[in-house]
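A.B. asks: What TrEMBL records for this protein is below:
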{"type": "DOMAIN", "residues": "4-62", "note": "domain 'Tudor'"}
{"type": "TRANSMEM", "residues": "128-148", "note": "transmembrane segment"}
{"type": "TRANSMEM", "residues": "168-190", "note": "transmembrane segment"}
{"type": "TRANSMEM", "residues": "211-229", "note": "transmembrane segment"}
{"type": "TRANSMEM", "residues": "241-261", "note": "transmembrane segment"}
{"type": "TRANSMEM", "residues": "364-386", "note": "transmembrane segment"}
{"type": "TRANSMEM", "residues": "398-417", "note": "transmembrane segment"}
{"type": "TRANSMEM", "residues": "438-459", "note": "transmembrane segment"}
{"type": "TRANSMEM", "residues": "471-497", "note": "transmembrane segment"}
Amino acid sequence: MPTVKYQKGDKVMGRWPGSSLYYEVKVLSFDTTSQLYTVIYKDGTELELRDQDIKVEPPIFSPIQNAGAKPEAEPEKNQARYNLRRRKDDGAAKAAAVVPEQLQREAVKVEAAPAAVLSTPLDFGGKIGAYLWLLFLPSWVLFMALQVNLEDPSLANFPPPLPPLEAFWDAQAFGFVILWILFQVVLYILPVGKLSEGMSLRSGKRLKYRTNGFFAIAVSAVAVAAAVHQGVDLTYIHSHFLQLATASFLVSVLLSVYLYVRSRYAAPEQLALGGNSGNVVYDFFKGHELNPRIKDFDLKFFCEMRPGLIGWCLINFAMALAEMKQHGLDAPSYSMILVNLFQLLYVADGLWNEEAILTTMDLMHDGFGFMLAFGDLVWVPFTYTMQSYYLVSHPNPLSVPAVAALVTLKLGGFYIFRKSNSQKNNFRRNPSDPKLSHLKTIPTATGKSLLVSGWWGVVRHPNYLGDLIMALAWSLPCGFSHLLPWYYMIYFIILLVHRDCRDMSECRRKYGSAWEEYCRTVRYRIIPRVY
């Protein structure tokens, strides 16, 4: 049994994450599994700290206080602190402080002590879960690539027959994948487009990103059109789908190994809290380094937005050509056109608003390891294209009224998704923007505020609601004959539920009692109640 140094109720000094400042805290509990103490600061913020982040020295008040000044009395329980206020009444034109001002006055800076290694509670099933995910994710992609190719892809035919080993590898397919990635690299590094500034890191630094994704997809579209005009047969992508997926998997593994090896030499402040467990397999899976870069080339940002995302649209287009070729059509079916256009709009919108990804969990908190490398290069292009692949061999005729209804559904979901995301991103980047002064917020002890009006006052994740409606619009053109084309809808529900749980846990830890007040104010998570 591990020795518990500090007992419930002990008053000690706790380090504020990401700084060398210590404040008086009270110990609430100790988790023997995670080896973390839950403590509460004087302003009501609850955090989980490692043993290394806690000291027993009495408070030494900052020299910025006047000589002979007495420490402030502990404020009363600050339930009134978390009242709803409009932005223009906040007095919040100032930039939000990373450390609460109330705590700054009683800070103890420890210069001699080395910075403790910071981490966060493990997710995705912890260390055992990492092993399972490393096996499951490639196996699932293989299953889908084989199942969708069957004449009858129903689950009654599970498992699909395995082809011989030599069928998985094709040197030309591997060369095609490498060429595609290099082409996207060239487009990324061209001095075209805006240099955007990312969110503040724990060190206070802000990285710069070349956000020219829409330029990249436009040039890619021109290049593909030129290739088709010159007689290049893109139906090769349909006939070599398995080999292309295998080649992309190999690239993702090699990239993941490189990322983990280089992360072993990264400075502590460059590591991701979520991938800093000390377990090799878990950190390899989750991502050890937060923002791995080769000079100014950001590997995570590039992989998130370029080869897989634009490749998704390329594969869909190739499937439309394969449908025409296989059925002797002069044009793709309505179902194929809708799937292509709906998903192209989704990708093009993401690249047009590429700057918005800089405020997402993937960029701000998750390290770059196998989870994201595989997801970006394999999972997205080879599982999100299941609807178009399915329609090649399993056409589903649609009437004009059905097409109109699906377009209306898609545009409705897209409107909710785009408006709510834009509101969130604008608020995160500039909370004092006069255009947002009508929005109500709840202030938190971190200096940031929580939106409780506008789109974010209806449900906690209005962007997820829009995403789900769009996912439904992508799946309906495939009909109801088989479950396989509904994979994305099912997967997305599971993904969003998991993300919601991660958000809840992280925000409860980060914002303390302010988050509890937020949950009482905005009760519904994703689906609003209709009265």
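Placement of Cβ uses the backbone N, Cα and C atoms for every residue, glycine included.
In TrEMBL, annotation is done automatically, which means it is predicted and not curated.
Since this is a predicted model, take the numbers as computed values, not measurements.
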A.B. asks: Same-chain Cβ contacts of the transmembrane segment (471-497) under 8 Å, 6 or more residues past its ends?
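C.D. replies: For the transmembrane segment (471-497), the nonlocal Cβ contacts are 144, 147-148, 153-155, 334-336, 338-339, 342-343, 383-384, 386-387, 390-391, 394, 396, 398, 406, 409-410, 413, 461, 464, 526.
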A.B. asks: Checking distant contacts: for the transmembrane segment (128-148), what same-chain residues at least six beyond its ends satisfy Cβ-Cβ under 8 A?
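C.D. replies: Sequence-distant neighbours of the transmembrane segment (128-148): 122, 157-163, 241-242, 245, 249, 279, 281-282, 284-286, 370-371, 374, 378-379, 382-383, 386, 389-390, 484, 487.
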A.B. asks: Who are the chain neighbours of the transmembrane segment (168-190) in space, where the CB to CB distance is under 8 Å and they lie at least 6 residues beyond its ends?
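C.D. replies: Sequence-remote neighbours of the transmembrane segment (168-190) are 210, 212, 215-216, 219-220, 223, 240, 242-244, 246-248, 250-251, 297, 302, 306-307, 310-311, 314.
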